[in-house]
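For reference, the structure discussed in these notes is given below.
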Amino acid sequence: FLGAGKPPMYGDYEAQRHWQEITYNLPIREWYFNTSDNDLMYWGLDYPPLTAYHSLMCAYIAKLINPDWIALHTSRGYESQPHKLFMRTTVFVADLLVYIPAVILYCFTLKETSTKKKASICALCILLYPGLILIDHGHFQYPLSLGFALWAVLCLSYDWDLLGSLAFCLALNYKQMELYHSLPFFCYLLGKCFKKGLKGKGLVLLTKIAGTVVLSFAGCWLPFCTNMEQIMQVLRRLFPIDRGLFEACMFSSPPPCLANIWCSLSVLIKIKNVVAPQTQLKFSFAVTFLSLLPTCIKLTVQPSIRGFKFALVSCALSFFLFSFQVHEKSILLVSLPVCLIINEIPFMATWFLLVSTFSMLPLLLKDGLLLPYAVTSMAFLSVCVASFSIFEKTSAEDLQLKPFCLSLKGYISWVKSFPKIVKSLFLLSVTLMAVLSLMSTTVNPPQKLPDLFPLSVSLVSCFHFILFLVYFNVILLWDSKNSRSQKKLI
């Protein structure tokens with residue numbers, strides 16, 4: 001894992017271990033404060049309370065096995081093989097208890113997967129997604145927030161709105177990045193209440209949902225509600241506005257290598273040096289809001305599960321491209337909802353998931369995960385090609401672009417060549433990603449451009465993501481509420 005055996009920080013693995021040390025040995029009031037026993041500069045807690053509670057639970061188990069693993073101060077940088085096995089086991093258990101059951105149940109309840117074989121294939125493709133495997137088990141991260149979010153989607157698809165609201169509140173209280181998914185949840189449920197009528201059943205539903213959200217947050221935040229300073233300190237840790245628009249993103253030398261629009265533009269314009277931090281925040285918020293607005297309005301006016309899933313993709317991708325303080329791993333928040341529609345648009349979903357994994361290549365290389373990256377990516381592509389026959393589903397209708405194409409003049413003249421164009425672009429894209437992946441590991445960059453390959457990966461990925469954002473928005477905005485396809489899929 002990244003940083004193993006390298007003081008003073010030791011990497012993300014140490015962050016998770018250190019949080020167990022802090023939560024077990026210190027009172028709750030000190031978890032988010034800088035004290036003599038809790039140096040916030042050394043992997044200080046910067047996730048919501050549910051993450052801290054999870055760390056505490058793991059710490060109690062670690063204490064029973066070996067108290068040295070979480071001893072205050074003296075356990076810093078602990079990396080024994082038994083402890084690594086324990087930590088990896090905790091991730092695997094989280095997968096087994098939360099994420100994997102949600103994936104399997106989701107696939108087996110889809111109306112499009114009419115047989116157990118189709119459902120199994122769909123679940124296999126989602127579980128083989130390389131990005132999540134490499135980050136959760138290679139880089140070290142827990143899948144709980146994504147798992148809770150998936151349970152929330154599953155509940156809403158059954159009209160279990162209160163359970164869905166509860167599950168999403170758990171996701172949001174585990175990682176604040178789940179804000180990427182918050183607007184689609186809000187707009188879908190609000191639109192559903194409007195549809196039922198705010199003077200009758202809709203008002204009752206809205207009241208129940210609001211009550212569920214308030215009680216869920218109260219349950220998670222209650223120990224920190226002793227005074228306002230506690231609450232504000234936790235919020236300052238969760239939203240470090242003073243850091244600016246983006247950080248170094250795991251790279252020791254500038255410019256940062258992240259596949260969002262701000263880091264890509266920084267190659268040409270040094271935004272952080274030209275614009276004040278508060279102005280960066282306001283501008284980022286404005287651009288993000290404007291990019292989200294059409295999708296949110298559409299979903300509120302015409303709430304449907306199908307539209308909700310596509311809105312999750314579109315909104316999360318907008319957040320990733322335009323919002324404040326993005327991290328490379330945040331692309332996983334876009335990838336999860338893309339996995340949920342892989343059965344509907346297998347070709348484009350497969351393409352996006354490959355690009356999302358590729359966008360994290362510089363981080364994966366720093367982790368020493370080149371071989372797992374290559375193997376899992378090829379395995380994922382092979383399974384998707386074999387399972388979904390993706391190259392046979394490249395027509396405008398298969399890509400759900402027919403309503404948009406019909407609105408264009410001259411559609412008939414080029415519709416026959418559409419599949420060929422799309423396939424050619426896909427092969428060009430995959431070839432470019434493969435070449436850059438190979439060159440990143442085998443070719444020394446010019447001395448004057450030491451970050452040439454990481455920047456190339458970021459720029460290529462960002463270009464892909466912008467096109468994908470346009471694509472998903474076109475599907476959502478041109479989709480007719482009364483179209484046959486929607487009646488079939490909802």
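Keep in mind that glycine also has a Cβ here, set from the backbone N, Cα and C atoms.
All annotation found in TrEMBL is predicted automatically rather than curated by experts.
Here is what TrEMBL records for this protein:
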| type | residues | note |
| --- | --- | --- |
| TRANSMEM | 85-109 | transmembrane segment |
| TRANSMEM | 121-142 | transmembrane segment |
| TRANSMEM | 148-172 | transmembrane segment |
| TRANSMEM | 202-224 | transmembrane segment |
| TRANSMEM | 307-324 | transmembrane segment |
| TRANSMEM | 331-358 | transmembrane segment |
| TRANSMEM | 370-391 | transmembrane segment |
| TRANSMEM | 425-443 | transmembrane segment |
| TRANSMEM | 455-478 | transmembrane segment |
Residues of the parent chain within Cβ reach of the transmembrane segment (331-358), under 8 Å, 6 or more residues beyond its termini: 103, 106-107, 110, 112-113, 118, 122, 125-126, 129-132, 134-135, 146, 149-150, 153, 177-178, 180-181, 259, 309-310, 312-313, 316-317, 319-320, 373, 376-377, 380-381, 384-385, 388, 390-391, 393-394, 398-400, 422, 426, 429-430, 433, 436-437, 457, 460-461, 464-465, 468, 471, 475, 489
Positions on the same chain near the transmembrane segment (148-172), where near means CB under 8 A and six or more residues out: 48, 50, 98-99, 102-103, 105-106, 109, 178-179, 181-182, 185, 188-189, 192, 205, 208-209, 212-213, 216-217, 220, 305, 308-309, 312, 336-337, 340
Positions whose Cβ lies under 8 angstroms from the transmembrane segment (202-224), at least six residues beyond its ends: 28, 32, 48-50, 53, 161-162, 165-166, 169-170, 173, 189-190, 192-196, 230-231, 234
Positions on the same chain near the transmembrane segment (455-478), where near means CB under 8 A and six or more residues out: 255, 257-261, 263-264, 267, 291, 294-295, 298-299, 307, 310-311, 313-314, 317-318, 320-321, 345, 348, 352, 355-356, 358-359, 361-362, 400-401, 403-404, 407, 429, 432-433, 436, 440
Beyond the flanks of the transmembrane segment (370-391) by at least 6 residues, Cβ under 8 Å: 121-122, 124-125, 128-130, 133-134, 138, 342-343, 346-347, 350, 353-354, 357-358, 361, 364, 423, 430, 437, 441
